[in-house]
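Before any comments, here is the structure.
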Amino acid sequence: MNTLILTEKPNVAEKIANFLGKAKKNVYEGVKYYEVEEGDNKIYVVSAVGHLYKLRQRTPIRDYPFFDVEWVETFKNSKKSKYVEPYVRLIEDISKDMDTFVNACDYDIEGSVIGHNALAYGAKTDISKSFRMKFSSLTKDEIISAYENLNPPDYPMINAGLARHVLDWYYGINTSKAMTESLKKVSGRYVTLSAGRVQTPTLKFLLEREIEIGQFVSEPYWILFIEFKKDGISVKASYQKEFFDEKEALAIFKDIKNKPAIVKEISKKEKRINPPHPFDLGTLQKESYKNFSFLPKRTQDIAQSLYEAGLISYPRTSSQKYPNSLNLRSIVEKLKKIDDYSGHCAELLKTELIPTEGKKDDPAHPAIHPTGELPKKLTDDQAKLYDLIVRRFFAVFAKPYIYQSISVEMDVNGNAFFASGRVGIDPGFLKYYGDYSGVEEVILPELSEGETIEKISPKKEEKATKPPPRYNPSSAVSEMEKLGIGTKATRANIVDILYDRNYIDGRQIIVTDLGEGIVGTLEKYCPDIVSVELTKHFEEQMEKIQENEITKEDILSEAKEKLVDIFSKFKEKEEDIGKELLVYLEREERRRNYVGICPMCGEGELFIRTGRFGPFIACQRYPECNATFSLPSNCLVTPTEDKCKICGFPVVIATRKRSRPQTVCINLECPSKNNYSAPMDGKNCPRCGANLIIKKSFYGPFIGCSSYPKCRYTEKVLEEKAEEN
């Protein structure tokens, strides 16, 4: 009997195969798969590479809305997915000799869809006769247990996932098609604008914050405080209120000048901060952004790599609880073998391990935790995130942090000022999580009631009321979770898409003109497309599919009906929508492509253009001014407002793949580029033997082969070599 186990990724396939027995590695068209003998049975472990199948329209889309879709291999949809083809063919070929099929993809909605499609369309098997492996960590014990206790297919998750994909296609493709057609109608241009069921409502709440900030009218106000030193400790005591009338503030400031401060009352209270709950994905993303500035998608990717290495449990979870079945003591005992944690583990093992719990639960996976497997080699970023996860794990078993809160009221000529301090009594969970908690002590000197401080320094400071803060990628993901749109696995990716589409910009998120135009125009003419409430409604409907309350056909039927209504209204205003979108599109194109004033004619403006031979910079006054500057075709060029300090020409930021952004002058003749092509004495090309020469390029000098283009050997040039020539 032959059993096929399908995993989501190649490295997971290798891991599972080795856990199940002595694995023999085979290769099919460059794709590795594994064979494990189990008595008279053979287990074949093969992998997908994420989604092997993608939705596509059955026939060309002539009009919108369009709902006739089918699942096809991803490489038939996109040339970029050509690498997927041998994985699909392997599954198709090897499945012919299989008796049993097991979906061992990640136990979540996406994993269920990936496995379902691979088995249904690739293996062409009856899904009802397949099995599901459920595990939350890639450790030997858990994998063996999952294989020995196979579950039936997880139809609720499969159907919810299939419905989500189809629903996203209905919304995204039809809205994009509608906007593209409206633009084409008024401008003759074919420009694809992206929209999405979750993406566009997310952009809406980001724009609402942008508008709120833009409409905010800042008001000046004044604060008063006194400063003094005692026993080498600086103290700052603030007046009891802020002043929106400077005259009132000035009157009190004059009243306290050259006057002593008398300690009127000292209040001390014992307070506590409870230990944190275990990490779910959202909380992990927040904490890693706060401590390491990792973007949410970066955190998700690093956590996934730690999971695939068997070091942490499955990260895409909503749970803030550990199940009773999890052997917490065993994990701590294993972590004790790591020098950095051995002392903490020894302390925890003396206690009963009772974790703090959060409110959220997830039936599929527990809260994120280390598995106890010992890390072998981690990147710097992996090590940071792993340490955060381990220390959070320790902290949930600890006691509360107990501290003394001190409030000091001081009287200065009849005016009350207040200082506060915090002194730790019992470090509690801070012993394990202190560096990441953000909790700090505030030390006050010894003061006594009635004490007089003769030398104080009164201060009056002008401030201004501030608008609400801009969202950052982390707080945007948190807001999506709060609003109930997107899923734990997709939210970070949706924010990334908004950046990629040039709808938002910056760590402190600014909505671009194009982003503003899309939301503003759609909200004006078709508000349901950007409705957070409608998006949340469909999220809730998909949860009902998982709970077997409704079918995927129910939700798709409702969505079709809604979209037919939405797009009938869109068509009535198609030309008006196109005109409004065109204004914002042209404004955004100008922002992205404007380089500066032409240094050749002094009148025209320089813009990035694209020609037959790639991108270049040209003067807007062509043909009166024929200034052009070539650009490399293998990089992303971003304009700046800066000018070259050497020649005064504009500078741009050039970003090549897998390279750091580089600030470059557009002037090829700029002295900063060491403009020459000089031979190098006594040095020949290691590939072909021809002379090496120092050449010039957009980025500056480099060493290249004189027989180019026959030989394309290059190397970096050292500064001293450039100077010698």
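Using N, Cα and C of the backbone, Cβ positions are placed for all residues, glycine too.
Just so you know, TrEMBL annotations never went through curation; they're auto-generated.
Annotated range for region 'Interaction with DNA' in TrEMBL, selecting from 194-199, 350-355, 380-385: 194-199. The DSSP secondary structure for Asp168 (site 'Interaction with DNA') is helix.
Annotation for Arg501 (site 'Interaction with DNA'): spatial neighbours Ser194, Leu514, Gly515, criterion Cβ-Cβ under 8 Å with sequence separation of six or more.
Cβ atoms under 8 Å from those of the compositional bias 'Basic and acidic residues' (454-465) belong to residues 218-228, 242, 246, 249-250, 253, 256-257, 259-261, 412 of the same chain, restricted to positions at least 6 beyond its ends. Around the Cβ of Arg164 (site 'Interaction with DNA'), 23 further Cβ atoms fall within 10 Å across all displayed protein chains. A C-beta separation below 8 Å, combined with a sequence spacing of at least six in one chain, links Arg316 (site 'Interaction with DNA') to Asp106, Asp108, Leu281, Gln300, Gln304, His365, Lys488, Ala489. Residue pair Tyr314 (active site, O-(5'-phospho-DNA)-tyrosine intermediate) / Asp168 (site 'Interaction with DNA') shows a Cα separation of 25 Å. Residues of the region 'Disordered' (454-477) grouped by DSSP class, helix first, strand second and coil last, total 5 helix, 8 strand, 11 coil.
Between the candidate recorded positions, His51, Asp168, Tyr314, the densest Cβ environment within 10 Å is the one around Tyr314.
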